[in-house]
């Protein structure tokens, strides 16, 4: 099945998914602030990402409708990608000061449309990965998913922001659009496995997921597996700032060190997940996350060595755990319903992560940073019991491993 081209296409597509998130989620708040937009409005701009949390609602459509006859996955990916590219090109011709002259409503509506397009593309991209990766390839495939996404975020949210004063608004947006278009090109040369559309009604398709073995235990697993990580990491930047870490140091810590550590963790964790029983990988990476969270509670102001060590450890552990979780989520998808099943599970992860992040500030305020990261570590460790229960009920895919 053109294996090298398959991997290259998946890397490119997942990098594309990180580009708009990086530019609009990380760079845009800085640009809006420079335009004099108030902090409350900047905070509310995070709501433009709602399509990513709600994409499960329209995901079944992609399992049963093709834009081009017979081309279920590829036609959706290319249509959504190219439409988003056209929107970004159009947006580049509208000056940023004009977009923010009467608040951020106009900008928010455009970004909501971009997120609707890219989240729909993501449904089809994930479905392509589920359908075209063998069970033993899914670990590495999800390492590539996490890694490619991180590369896209850094390119658009870090590199382009660094050169924004030279490129300006228009050329920065055109650069994002060009990278998104280039990332879709491998799909013109690689033809994914043909999808057979879901025949049952939408309600039966949804209810079928809940008729799988132990559905509520499974939902508890995917909802809580990254909860402790999201709960803890939301406070890392404020914590480092309060420790006296400068913006330049934080850029090196998180923008370079954290990025490379997370990328390495995702790729290595994905590779390991494909070479050991799924439950073993899930438990092992939870233990790593637990230790990494405890590490944050032990660092002290001015000790840059331990700060670097804690940041690197947490990003490596987080990347490994994410790759393993996404792998078992793929394993859980039913044939003909890959788009809906994976989208639903990923939305559960996104929504619970948002809840964890929202609660984190209250925790750090009331019990302090050390207590907060200790609680985050305990939340990571607590999920091990859920993994064990899921393993005992046979919920994980069993692979044959050669020695």
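Every residue, even glycine, has its Cβ placed from backbone N, Cα and C.
Annotated in TrEMBL:
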type	residues	note
TRANSMEM	42-63	transmembrane segment
TRANSMEM	75-98	transmembrane segment
TRANSMEM	170-190	transmembrane segment
TRANSMEM	216-240	transmembrane segment
TRANSMEM	252-272	transmembrane segment
TRANSMEM	279-299	transmembrane segment
TRANSMEM	305-330	transmembrane segment
TRANSMEM	342-363	transmembrane segment
TRANSMEM	369-390	transmembrane segment
Dominant neighbour of the transmembrane segment (170-190) in 42-63, 75-98, 216-240, 252-272, 342-363, by Cβ pairs under 8 Å: 75-98
Interface present between the transmembrane segment (216-240) and the transmembrane segment (279-299) (three or more C-beta pairs under 8 A): yes
The transmembrane segment (369-390) versus listed stretches 216-240, 252-272, 305-330, 342-363: most Cβ pairs under 8 Å: 216-240
Remote residues contacting the transmembrane segment (342-363) - C-beta distance under 8 A, at least 6 residues beyond either end: 52-56, 59, 122-123, 126-127, 130, 206, 209, 219, 222-228, 230-232, 234-235, 325, 329-330, 332-333, 371-372, 375
Intrachain residues whose Cβ lies under 8 Å of the transmembrane segment (252-272), provided they are six or more past its termini: 139-147, 150-151, 154, 158, 236-237, 240, 245, 281, 284-285, 307-308, 311-313, 315-324, 327
